[in-house]
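Feature annotations, courtesy of TrEMBL:
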BINDING   Arg40, Arg46  NADP(+) binding site
BINDING   Arg123, Ala124, Ser125, Gly262, Lys277, Pro278, Ile279, Pro280, Thr281, Arg303  FMN binding site
Amino acid sequence: MIRILSGGESHGLGLTVIIDGIPAGLKIKPDFIDEELKRRRSGKGRSERMKMEEEKIEITSGVKNGMTIGSPITLFIRNTDYRKNEFLSAQQNRKITIPRPGHADLAGLLKFGFEDIQDVLERASARETVSRVAAGGIFKIFLNEFGIHIGSRVISTGPAKEKKRMLSVVEKARKTGDTLGGIVEIYADNVCPGLGSYTQFDKRLDALIGMVMLSIPSVKGIEIGEAIKNSIMFGSRVHDEIFFNKIRGFYRKTNNAGGIEGGISNGERILIRLYAKPIPTLKNPLYSIDIKTKKRSPAPRPRADVCVIESVGVIGEAMLAYALTSAFCEKFGSDSLADIKRNYRSYLKRIKNV
């Protein structure tokens, strides 16, 4: 079982992530992970902070001489924007008492009994996803050992689907103090059939993918394959017919199922679309209520992004890599990379002879 635990605040010293369950014998490439972090902070519509952050990982456990040793891997990513005295002063002297509509501010404050929304937003911030993208870099390195490739592409930014139009609507939102959501597609190629299981609800691969994808800030909907279009069609036009030849084995000519049937990967491309809402922090803010005075007030306007749909794609890649690595190790083992490769080769040989 692969587990991730992260810690750290948006404007604190840095972010820590612990990855438990990665097998021994995997060569870690820090430069690749750093490049994944760079991809996360890139894209049209990001805030000025993204130009300041460098985000280089520091490996503090679980790796020796560049190789995993089977124990928990700990990564630390420093916040370049951290200014200790200013951060501590803000924490102690300036309370935030106006919650932003659409953010965790009010619900978090009520849940934990805080008087200062800062205690919510520092952890609820999407800055936490730095930890997950760093972990995702390790999962991608693992999956690469088995020829599995994960990628993403933006389908739409707000109402725009063409690249030039996407850029123009982001600029329009920036100038008017507004924000945009969008749709992004995540995919995985060369995934073998047999990951996940129908035997229990929580072992279904699509259930695991759904859970991790919906944990991404701003993501409010997920589609696997052509789920939305399929919902209004006859079954005879939806389900992917099965073909066979000696070279390819069993295969499909269509992929409406998105590579998963009955909670199990079927050997086709795994295809997911994520639907992200607009960022809730607006330069031209909506109105809210000051929890201290109970007066109607404009929401705060901290430095924030205009649109993060490209970054959602990168985070989605990391989350899909986590789900597939977890399912892969569940099926083929998780102690030693050499053992996993041996088990994997044996499995492929068996299903080829069906």
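The backbone N, Cα and C atoms fix where each Cβ goes, and this holds for glycine too.
Neighbour density around each Cβ, counted as other Cβ atoms within 10 Å, peaks among the binding-site residues Arg40, Arg123, Lys277 at Arg40. Close to Thr281 (FMN binding site) in the fold, though at least 6 residues off in sequence, lie Arg100, His103, Thr179, Ala299, Pro300, Arg301, Pro302, Ala304, Asp305, each with a CB less than 8 Å from its CB.
Geometry remark: Lys277 (FMN binding site) versus Arg40 (NADP(+) binding site), CA distance 18 Å. Per-site Cβ counts within 10 Å over the binding-site residues Ser125, Ile279 peak at Ile279.
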